[in-house]
Amino acid sequence: MAVKDPDEQVTGTTGAVGSDRDYVQSLDRGLALLLAFDGDHPDPTLAELAQLTGFSRPAVRRFLITLERLGYVRAHGGRFSLTPRVLLIGQHYTESHALIGVAQPHLLQLAERTGESASLAVLDNAEVVYVGRVPVRRIMSINVQVGTRIPAHATSMGRVLLAWSPAAVVDDVLTRRPPVALTANTITGGIAIRDALHLVREQGWSIVSEELEPGLLSASAPVRDRSGTVVAALATSTSTGRSNPDELQREVIPLLLETASRISSELGFGPAQTRPTAYEGFY
């Protein structure tokens, strides 16, 4: 019988990777159960949670009992829902990241100057996660708010974040969850996406038109920390009925770059620091 290498890399239910010796699978499974609660399944039954997670019903029952005792889940009439206590996890994230506090007043100003929604997002695996948001009007089919996740490959924010990511990160994103066509305009081919990322790095910003949803137009610029690392994407979005890519480039991109520069400056990125001119270490 073969002996399993204790240092073998394993991928958990939530997508995390670690050595077999150090990995706590029960924690991974418990978090996966929490993540099963979403806008489409706000109050699932035990059977529905078992189906969503792939866990056995006895295992789901044990996790639910534990989470209920800890105050993260509430039972009601055979269904389960999250409690406000789960917000503490997100609150601790926002309180521990200077980026969000620094960016918020700039998001407000950007929304006022453009008359459109302003957003701040970070990369998490193959998705971008909204960590800051000033909504002006709803133009997407989903209700975008802090914590909302959308595919990185079909968004201007994702293009910006991937454009300055190491090659290994881009490779992982393109292979772990192969890009799918969300509209007739969505770029899905690996070569085409890499070409698009190369262009974003060259010009320093991104505009994406109708790749995530029909009629949706967005523009993004990178936000850097004191080391010059791109840590977030600043974005504004509108509809194709209100603007077009040429107008965005002419009228909005300068405002985006100016605002992103101010946020970066407050994070410690100085004017003497320049972005990498070569593609060293990247794709």
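One-based numbering along the chain as shown.
Cβ coordinates are placed from backbone N, Cα and C, and glycine is handled just like the others.
TrEMBL annotations: computationally assigned, not manually curated.
Annotated features in TrEMBL:
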DOMAIN    24-84  domain 'HTH iclR-type'
DOMAIN    85-269  domain 'IclR-ED'
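Secondary structure counts, DSSP: the domain 'HTH iclR-type' (24-84) has 34 helix, 11 strand, 16 coil.
For the domain 'IclR-ED' (85-269), the predicted model reports an average pLDDT of 90.
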